[in-house]
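Undergrad: What follows is a structure written as structure tokens; I'll ask about it next.
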Amino acid sequence: TNSFLQIFRILRGINVRVLVILLFLGFGYVFYIGASTSPIIVFVFSVCIVSFLLSIYLTKWVLSKDEGPPEMAQISEAIRDGAEGFFKTQYGTISKMALLLALVILSIYLFRNTTPQQESSGLGRATSACITVAAFLLGALCSGVAGYVGMWVSVRANVRVSSAARRSAREALQIAVRAGGFSALVVVGMAVIGIAILYATFYVWLGVDSPGSMKVTDLPLLLVGYGFGASFVALFAQLGGGIYTKAADVGADLVGKVEQGIPEDDPRNPAVIADLVGDNVGDCAARGADLFESIAAEIISAMILGGTMAQHYPSGFILFPLVVHSFDLVVSSIGILSIRGTRDSNVKVPLEDPMTILQKGYSVTIILAVLTFFGSTRWLLYTEQAPSAWLNFSLCGLVGIITAYVFVWITKYYTDYKHEPVRTLALSSSTGHGTNIIAGVSLGLESTAIPVLVISVSIISAFWLGHTSGLVDETGSPTGGLFGTAVATMGMLSTAAYILTMDMFGPIADNAGGIVEMSRQPESVREITDVLDAVGNTTKATTKGFAIGSAALASFLLFSAYMDEVSSFAREPFKQVDIAIPEVFIGGLLGSMLIFLFSAWACAAVGRTAQEVVKEDYKEKPDYGRCVAIVASASLREMIKPGALAIVSPIVVGFLFRVLGHYTGHPLLGAKVVAALLMFATVSGILMALFLN
């Protein structure tokens, strides 16, 4: 083994040097293409790289904290092994499916008609097919890396939080927040730098804006693959991780509390480790992939819209989304660093409510976000033809930022134990399970109302602010409406890194509580982690609400992008969808039904997986590894069916109605039916998600 270790050391020594050289070459290349594209891209690259450096500092800071007594470290190791094992298997499955899909995309792009834009830019079918597939794979890869990195640090931070909880609550909070901040900065940074690198690479390689080649306004259309790759990974990461975390949770509670009457995180219960692993893969990795996808899709759809605007106005419209999200990294970093520990760790401080501390940091972030948003609109969206347009757009951004704040507040109201709804629910539990479930369902149904009103108001006000901004097309009709809603979505996501930090805080605090309980720490320590855990549950729900809200705003954009794409292929206008046509109405019905079927399959999957856990009974030294393996394999098996439903159904419906339309003399029928399917599915999806959250 000695000689083996020496070889390993030499390899490691070489690898560090090689890595440094490769990194330098990489940075050099990135800045070279950035500089030859536009100074704005250089700014975006610089901000992303600085935020990566900051996230490395945060990791170093977190990992320098002690791991506590050996019994804590032991449990943490079991969690780490479980999470990494599951992650390898899950992403192995996802990458196989992604490669398969890449081949499908390649063949579709090779055999389909070219659009007028492609013809004018001189891109052949083969080139555009390869570009789309490459972007798809890069999006999937970046999304996977972002998820993995988030989980990597959370499985190491949990034990450090439980160790710190033996000293002071404030220190425990700070470690959890900084560990969360690391993963949040990486997720947002990866999304932004991935798109920026793609954009700059295509710009340089395809010789954009030189005579006879592609126009810069059509360039964003090539990035669509990236967003699709990201959402493909997010779908399965959410499904696999979600089934895993909930099945383990339900399984652990059914075995422990109900069958055996043992406390929540008792070490004798084999499902406990699986439950704690689930928090990491479900909430860190999956939520990371989910917000990565929201941000990527939103940046790309806004860049495509900006491309349409930039045909008459400055090209700042295209790069604007990248700049907004770069500033997100800056303001969220300041927000994260504003949460400090107390000077003297030996004095037992009375416990402040962690939620107020997090809320203060969020307020700091919001105020800075508003200022930077006004700055970036003035910098990039100012045009002589409409000198006040930038002000309208910065107000759109303000609408988005307020929407985000209101969403966070609404979710907090419905899920935090200090407010009316949760207290009423607790009261109804005093008369048994039945009344508890009835009250819970009604509360969930009720909680869809205010968010929908908020989304409706923000979409309309952003649309009108954009519409009246004074930007017009050749015919003189106003064009800024859709771009206004795009800017509102950017505003909503302009504090995404801080929101993600609060989210990642949840599973880390939850894990810390589990480790404290399992290593039989004194009651005072458990009290601290319990408060952190309760707050963590609220912040997790908050992020889900936030993700739903931003997805609702973004879906409106994607919808118009879909219609533009159809009209450029069909070479005839495709402006509205008429629900009064029976086939289109059926498409809408099918779309709404899909959401319910998808939810049913996902719930059934959780139920079946949980049953397998319950069968693994508890012993004095339980077999944690076996339990983790059971849940892992079951949840990967179960995620395929609902996932395939979401991907295959629009294709099948579109194809059927396309054939029908061909025989009835309506060539665009398929596209219209799919449009209705997507629109209705989005609407019922938003409502369903709010209800379940």
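Heads up, residue numbers simply count up from 1 along the chain you see.
Backbone N, Cα and C atoms are what each Cβ position is placed from, and that goes for glycine too.
Copied straight from TrEMBL:
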TRANSMEM  14-34  transmembrane segment
TRANSMEM  40-58  transmembrane segment
TRANSMEM  94-111  transmembrane segment
TRANSMEM  175-199  transmembrane segment
TRANSMEM  317-341  transmembrane segment
TRANSMEM  361-382  transmembrane segment
TRANSMEM  389-410  transmembrane segment
TRANSMEM  449-467  transmembrane segment
TRANSMEM  545-563  transmembrane segment
TRANSMEM  584-607  transmembrane segment
TRANSMEM  643-661  transmembrane segment
TRANSMEM  673-692  transmembrane segment
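Looking at the shown structure, what environment does each listed feature sit in?
TA: Within its own chain, the transmembrane segment (175-199) is flanked in space by residues 30, 33-34, 37, 41, 44-45, 48-49, 51-52, 54-55, 58-59, 61-62, 65, 135, 138-139, 142-143, 145-146, 149-151, 153-154, 156-157, 160-161, 164, 219-220, 222-223, 226, 230, 284, 288, 291-292, 295-296, 299-300, 303, 322, 325-326, 328-329, 332-333, 336, 339, 358, 361, 496-505, 508-509, 512, 532, 536, which lie at least six positions past its ends and keep a Cβ under 8 Å from the stretch.
If you look at the transmembrane segment (317-341), the same-chain residues 6 or more away from its ends with a CB under 8 A from one of its CBs are 38, 40-41, 43-44, 47-48, 51, 54, 58, 168, 170-171, 173-174, 177-178, 181, 184-185, 188-189, 191-192, 195-196, 199, 216-217, 219-220, 295, 298-299, 302-303, 306-307, 309-310, 357-358, 360-362, 364-365, 368-369, 372-373, 375-377, 379-381, 397, 483, 486-487, 490-491, 493-498, 501.
Only residues 6 or more beyond the boundaries of the transmembrane segment (389-410), in the same chain, are considered here, and those with a CB under 8 A from a CB of the stretch are 324, 362, 366, 369-370, 373-374, 377-378, 381-383, 447, 450-451, 454-455, 458, 461-462, 465-466, 468-471, 480, 483-485, 487-495, 499, 542, 545-546, 549-550, 553.
Below 8 angstroms of C-beta separation, residues 392-393, 395-396, 399-400, 402-403, 406-407, 410, 478, 480-485, 487-488, 492, 545, 548-549, 552-553, 556, 686-687, 690 of the same chain, each at least six residues beyond the ends of the transmembrane segment (449-467), sit close to that stretch.
Same-chain residues lying 6+ beyond the ends of the transmembrane segment (584-607) with a Cβ under 8 Å from its Cβ atoms: 239, 242-243, 246-247, 250, 577-578, 635, 638-639, 641-642, 645-646, 649, 653, 657, 672-685, 688, 692.
Outside the transmembrane segment (673-692) by six or more residues, the chain places 444-445, 447-448, 451-452, 455, 544-545, 548, 551-552, 555, 559, 562-563, 566, 577, 579, 583-592, 594-596, 599, 649-650, 653-654, 657 with a CB less than 8 A from a CB of the stretch.
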Undergrad: What residues elsewhere in the chain lie close to the transmembrane segment (643-661), defined as a C-beta under 8 angstroms and at least 6 residues from its ends?
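TA: For the transmembrane segment (643-661), the far contacts come to 232, 235-236, 239, 583, 587, 590, 594, 597-598, 601, 667-674, 677-678.
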